[in-house]
Amino acid sequence: MEINIVFIVILIVILSAGFVSAGDIVHQDNVAPKRPGCANNFVLVKVPIWIDGLENTEYVGVGARFGPTLESKEKHANHTRLALADPPDCCSKPRNQLSGEVILVHRGNCSFTVKANVAEEAGASAILIINNQTELFKMVCESDADVNIKIPAVMLPQDAGSNLENYINNNTRVSVALYSPKRPAVDIAEVFLWLMAVGTILLASYWSAWTAREVAIEQDKLLKDASEEFLQVGSAGSSGFVDINTMSAVLFVVFASCFLVMLYKLMSFWFVEVLVVLFCIGGVEGLQMCLVALLSSFRCFQRFAESFIKVPFFGAVSHLTLAVCPFCIAFAVVWAVYRRISFAWIGQDILGIALIITVLQIVRIPNLKVGTVLLGCAFLYDIFWVFASKWLFHESVMIVVARGDRSGEDGIPMLLKIPRMFDPWGGYSVIGFGDIILPGLLVAFSLRYDWLANMNLRAGYFVWAMTAYGLGLLVTYVALNLMDGHGQPALLYIVPFTLGTFITLGKKRGDLKTLWTQGEPERPCPHLQLQPLQQKD
């Protein structure tokens, strides 16, 4: 394994450590002032449009801090005719007579509450305010404003408002409905995402443990034969792995934070394109390693896996690797070109899972001490950049980077994602690579230890560690739904479950010292005997 590939993989791990999301539809803003009559949460609002009685399109706006709450189901929302305000800003009484229509007004010249009060007095049933830019804006109340408003107020982006104005100016009959559907308590996408994360760690752990046992068996054979080549072969057997030490675990937080801030500051379309290229390189490497390992287990492919050819810049490469590589490259290129189509998430998940499994096969923690330092640092890192970073940057840096804000893209590629199937708002449920890889290192370590100690599943640590990860991720999704889809630092819940379970169980069984320092059980060497010294004549 070339060190440059490992470096790219580590960068990808740093990118997305600790983030799960389902997308926000409710924004509980504690900065915008609240008072009686002006205490609504800022909720997204669906605005379906009918042109001359035929359903046309649907826009999304945001509700105001004031006014009544909207219906949550479309069937309960009234289809109401839309009228233009005259004057357009609705800062004074409209010249046209209203009788229950929804009035469309422009932002500016007076406050939002003044517009809503004027519209209500004129007989409007609701007010749609066109923003002066494509983004949405929070409509708050002034300290001395009259907030006894009985009609809903919704802001629309500039392009949506312009389209509606054009329809009305062309003498077409435009009707709208206003409603804000709630997310389902649980979406099937979260179940599949949970299964994907747990299944990925399960596969990666068994591959890592199997490789470790093969190396241990080879070492035992060398010890049995008392071979003088033991040190050389033992060193070569571990050259394909990267063992994390305590210092690198601590530096992870520093480098990860610097890289995350760089992404936050430089986030743009071209920068996401660079991330896509890096993801494809790592995905090709991961998919290739997984396919070669899988095909090598079949007898018909073993001959190709064990025969090698020298390739410039890469050294000795098996014929099977050469055969698989073009397919992997083509798969990644096709995904990169067509990644914006609706089902491109399938290719992204395949590349991502292959990459995660490969990272967990290459990168290892040697003992529980290093695992505790790594996960402890990642725990703090995750909490700070999801929650505490709002105090410094006025928004969650981790969430902004993961969503790909200001890039024009639908998030960065270093995520596993599944479309939300029963959510009226659509979107994706996502989980960052770090939420799988970092705790996965500890789970894989537990299975390697069990196999080297010849423990069965009941007596070992793997089942407990795997169960703890699954429960921690489950609690993460519960918290995600309780927070209305607002992104959560998954390691906040996963680390205490996995690490706490491992340490508690190790202490109870009396293995904590061995787990903490050595990381593997003692293996006797009965075939090595001391040779008596020969006396010189």
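In case you wondered, yes, glycine gets a Cβ from its N, Cα and C as well.
Here is what TrEMBL records for this protein:
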SIGNAL    1-22  signal peptide
DOMAIN    87-164  domain 'PA'
TRANSMEM  191-209  transmembrane segment
TRANSMEM  244-264  transmembrane segment
TRANSMEM  270-295  transmembrane segment
TRANSMEM  316-337  transmembrane segment
TRANSMEM  343-363  transmembrane segment
TRANSMEM  370-388  transmembrane segment
TRANSMEM  425-447  transmembrane segment
TRANSMEM  459-480  transmembrane segment
TRANSMEM  486-505  transmembrane segment
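Here the transmembrane segment (486-505) has long-range neighbours at 17-21, 24, 26, 368, 371-372, 375-376, 378-379, 381-383, 385-387, 396, 398-399, 402, 431-432, 434-435, 438-439, 442-443, 446, 461, 464-465, 467-469, 471-473, 475-476, 479-480, 512, 515, meaning same-chain residues at least 6 beyond its ends whose C-beta is under 8 angstroms from one of its own. Of the candidate ranges 343-363, 370-388, 459-480, 370-388 has the most C-beta pairs within less than 8 angstroms of the transmembrane segment (244-264). In terms of C-beta pairs under 8 Å, the stretch of 191-209, 316-337, 459-480 lying closest in packing to the transmembrane segment (343-363) is 191-209.
Taking H, G and I as helix, E and B as strand and the rest as coil, DSSP gives the domain 'PA' (87-164) the counts 17 helix, 14 strand, 47 coil. Remote same-chain partners of the transmembrane segment (191-209), defined as residues 6 or more beyond its termini with a Cβ less than 8 Å from a stretch Cβ, comprise 293, 349, 353, 356-357, 360-361, 364, 416-418, 429-431, 435-436, 439-440, 443-444, 446-448, 450-451, 462, 466, 469-470, 473-474, 477. When Cβ-Cβ distances under 8 Å to the transmembrane segment (370-388) are tallied for each of 270-295, 425-447, 459-480, the top count falls to 425-447. Long-range contacts of the transmembrane segment (459-480) within the same chain, counting only residues at least 6 positions beyond its ends with a Cβ under 8 Å from a Cβ of the stretch, are 20-22, 186, 190, 194, 197-198, 201-202, 205, 435, 439-440, 442-443, 446-447, 449-450, 453, 486-488, 490, 492-498, 500-502, 505-506.
Counting same-chain residues at least six beyond the ends of the transmembrane segment (270-295), those with a Cβ under 8 angstroms from any Cβ of the stretch are 5, 8-9, 11-12, 15, 207, 263, 301, 305, 318, 320-321, 324-325, 327-329, 331-333, 335-336, 339, 350-352, 354-359, 361, 404, 407-409, 412-414.
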